[in-house]
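Q: Here you go, one structure.
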Amino acid sequence: MPTLSATEIAFLMVACQQAVLALGWAIGAAVVPIDRRSAVQWACYALLTGASVVIFIGASQTKSEELRAVANVCVATGILLMERGVRQFIGRPANGWVYALLMAGVVLLSWLGLTPRYGALRVAAVSGLLAVLCALTAWNIYVYARRDLGLSLGQWLALPLLLGALVFANRGAQAVVSPYTVAAEMAGNSSLDIGSAAVFLVTALVFHLALVALVGVRMTAELRRLSRLDGLTEVFNRRAIEEQLHDEARRVGRSPRPFSVLMIDADYFKDINDRFGHAAGDDALRHLAKIMKAQMRDVDRIGRFGGEEFVVLLPGTASTEALSAAERLRDALLRRPWAWQGESMSLTVSIGVAAWRGPQDEVNALLKRADAALYRAKALGRDRFELGS
Ligand SMILES: Nc1nc2c(ncn2[C@@H]2O[C@H](COP(=O)(O)OP(=O)(O)OP(=O)(O)O)[C@@H](O)[C@H]2O)c(=O)[nH]1
């Protein structure tokens, strides 16, 4: 049995670390709602990195350049899978043939690199490719964190990958600047050095930490999103729409920019529940919310205030346009009847409209005016809207 040097033992520790990480991703994919395909690819990435380390030890023991080339292919395949997993996770997958092509290139270069003449070329090309892949992943993570998750500190998530890109770029640059030194190093000895073990240990670990952090921030963002939504209608819940009203009031501040609210209440809703049952009532509420979403602009915010009552915030909208929006909604409800178990009927709503009066106004006062207008619409016969004064 061959004896292992301290460096080889350090490399073996990296292999064990990667096996634990692969197991972590496999368990994570089973118990946490992570994107399964990404988790499997990240588990494979860890396994390939671990395998490459063991193969590097074998190459060092046997002085085999072929084994070393196989280990390098494992490293490159792992990074490719890591990048592919990130792309799938953030919803921007690349074509499979791009990866197949890159893999073929890596294998070809590794095979060519067995000839001392091409050794430095292989190191430069493969390291360059891995540097580009890491930098691309860092960029994708950064953009996803900033744009999709609204995280202002997205650069911290991308930083480990950027450092990895620098490590690979440095190795590639060495091969370009001093190809003879790199070629001689490769031809002369296949032994491992403690520096490479340390680089492996740190980069492989921080890459996985970045991936775990990416999963964590997305889950936190998703929980936050869900905590602001009404489960039945998937519009904002009362707390969230009230927050948005206060935000809008703060945003317009002392400027003359208008905004308005619609307070919408379904008419005779109790009859629907009594006649068709509670499940039908729920479905009617979903129908109402769907029509509101279709009628309102992207900038408008819809919230369920409670029961069968909704509030819509209309930014940049004065009372005249808000009355038009109310009319539009009323029309849409007439045009798109609600269907339930073969029966079809038009739902009607009563709407109270109120406009922001400027810096001296208050959100609670605005809602009270909308509520009073809604009450008037109900009293005047329902299926109509009134402007709060
Ligand atoms: N199915 C269902 N019903 C709900 C929900 N929330 C509130 N309701 C029902 O909505 C009905 C509201 O009744 P009322 O306040 O009397 O109002 P209405 O029958 O619409 O009469 P007007 O508002 O005066 O036109 C009640 O029967 C509540 O049980 C819900 O989430 N699902």
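Indices start at 1 and increase along the chain as displayed.
Using the three backbone atoms N, Cα and C, a Cβ is placed for every residue, glycine included.
What TrEMBL records for this protein is below:
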type: DOMAIN; residues: 257-389; note: domain 'GGDEF'
type: TRANSMEM; residues: 12-32; note: transmembrane segment
type: TRANSMEM; residues: 39-60; note: transmembrane segment
type: TRANSMEM; residues: 66-82; note: transmembrane segment
type: TRANSMEM; residues: 94-114; note: transmembrane segment
type: TRANSMEM; residues: 120-144; note: transmembrane segment
type: TRANSMEM; residues: 156-177; note: transmembrane segment
type: TRANSMEM; residues: 197-217; note: transmembrane segment
Q: Taking the transmembrane segment (197-217) as reference, which of 12-32, 94-114, 120-144 has the most Cβ pairs under 8 angstroms?
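A: By the under-8 Å Cβ criterion, the transmembrane segment (197-217) pairs most with 12-32.
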Q: Mean pLDDT over the domain 'GGDEF' (257-389): what is the value?
A: 95
Q: Which stretch, 12-32, 39-60, 120-144, tops the Cβ pairs under 8 Å count with the transmembrane segment (156-177)?
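A: Between the stretches 12-32, 39-60, 120-144, 120-144 has the largest tally.
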